[in-house]
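Below is one structure, written out as structure tokens, with a few remarks after it.
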């Protein structure tokens, strides 16, 4: 029998309830998946009325004017530059700033991680000059050919993801671009170089990667085969982007192999655990949930399905979600359960779980998303931040898990839910988050992680994701017309040309954020993959023409037989462009049967 936690532990402020009918969610996701049925996703949420079950400061959330939102954006910019300048002045070229001692430290690999992670945030805030300066600086100073043990997961989402995002935004920044951008460019080559350093980790019997790799020597013979679930399933966005942009399918292939191998290890009740032996495929930690160690695996199934128009990934997530809703969801909290039995193992909320309402909104599951967000926000209001672990039955922090390292997940979900509903309640939550961080975490030298939310003790660390994610999502929450939301109109720079001959429309909306909040443009992937296909077609045609020419010069006996096949298209072959393909005329439309190329003006 399910136990009701919420009824026992709601605060007085939560118990004053107001029902607000949310506007209908018209998302571009629906258009992308018009042919995919989402009815298999079983939810226990009632009806189509979104419940916002909290009142702030004894009054309904006020409506924010554009002038107020503009003022808040300026406060967020000031927050960013206080942290960013402190890093440059005191920590560069180290990975991270130590804000209490005003110095730096290497944490994830010794390649100026904060600068790479913060690069696209500069452009999001409108600072093109600094974006261009830092992009050039990174090209001159960062070297991945170093004897350093690096996290495969963290290097992928922060370094590869950050460089790919910066590369795709370089056109909007006004940088001088190589011919054929976004299918080529120095930042793309840096991202490819970094990703190649990770490939040895995937050379396993199962295809699931090791958790750590030496950037110079590869995987150590003594490296443990045990890694977390997210460390196996969080590569498809970055690696598929690399493959589609460069034409090298290796990256996407290894990411897909890892996903399919992990998919086969789920339990009889459809759940996966927390840590797995990637060689033996045995689960070492069998707790199933949506939080730490698992979270971005589910995130990448959904976002990978959207970005790549991939029904296989979507169907994987939908099957997982049915098990998650059936076994882990209790009164709009998500607990940890045994992956084989479904019995509760840890009745806790982890701060990393706060991404889940935002992910639900991408699939249109707003009723459930709003209620779960309300639960999570009640914890924020209790402490002024989200503790890493929160005991739901006790209504308090868990011992040795009281910290808040300025994580972005609750703000991320607020951004998605505000985009989905237009409800200004989420803006109020964003303002509360801004003021909490300013009041609790600000130091003369940046912003410090909170070591203990009970007494607001600080820790001497500012993670790079504070600049990459927390501030970015906070800013985008208060800028609903930002180009990353598809804002702007034709003629004001809301989109740009790309590809060979400028035949692709890029930056027109539909950006997909990786789990480090680095935006990726799906249009660029389809633009470059289409050009790669065209080049292959032309190469095959030229080879066939060359072979035909050599054969025609050799004396042959007359033989009867069928007419030669067309060198442009095989019999019955159809060219079906992908849903998000750029408006590029394919070679097959400009070729005669004999392979003669006609110019566009003939």
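Here the Cβ of each residue, glycine as well, is placed from N, Cα and C on the backbone.
If you check TrEMBL, you get these features:
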{"type": "ACT_SITE", "residues": "154", "note": "active site, proton donor"}
{"type": "ACT_SITE", "residues": "295", "note": "active site"}
{"type": "ACT_SITE", "residues": "388", "note": "active site, proton donor"}
{"type": "ACT_SITE", "residues": "409", "note": "active site"}
{"type": "BINDING", "residues": "515", "note": "Ca(2+) binding site"}
{"type": "COMPBIAS", "residues": "547-560", "note": "compositional bias 'Basic and acidic residues'"}
{"type": "REGION", "residues": "545-581", "note": "region 'Disordered'"}
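Note on proximity: among 154, 295, 409, 515, the recorded positions of the record, the Cα nearest residue 388 (active site, proton donor) is that of 409. In this structure the C-alpha atoms belonging to residue 409 (active site) and residue 154 (active site, proton donor) are separated by 17 Å. Within 10 Å of the C-beta of residue 409 (active site) we count 24 further C-beta atoms, all protein chains included. Remark: residue 295 (active site) has 230, 352, 353, 355, 356, 515 as non-local neighbours, by Cβ distance under 8 Å and separation of at least 6 in sequence.
If you take the C-beta of residue 154 (active site, proton donor) and look for same-chain residues 6 or more apart in sequence within under 8 angstroms, you find 108, 109. Counting Cβ atoms from all protein chains shown, residue 515 (Ca(2+) binding site) has 25 others lying within 10 Å of its own Cβ.
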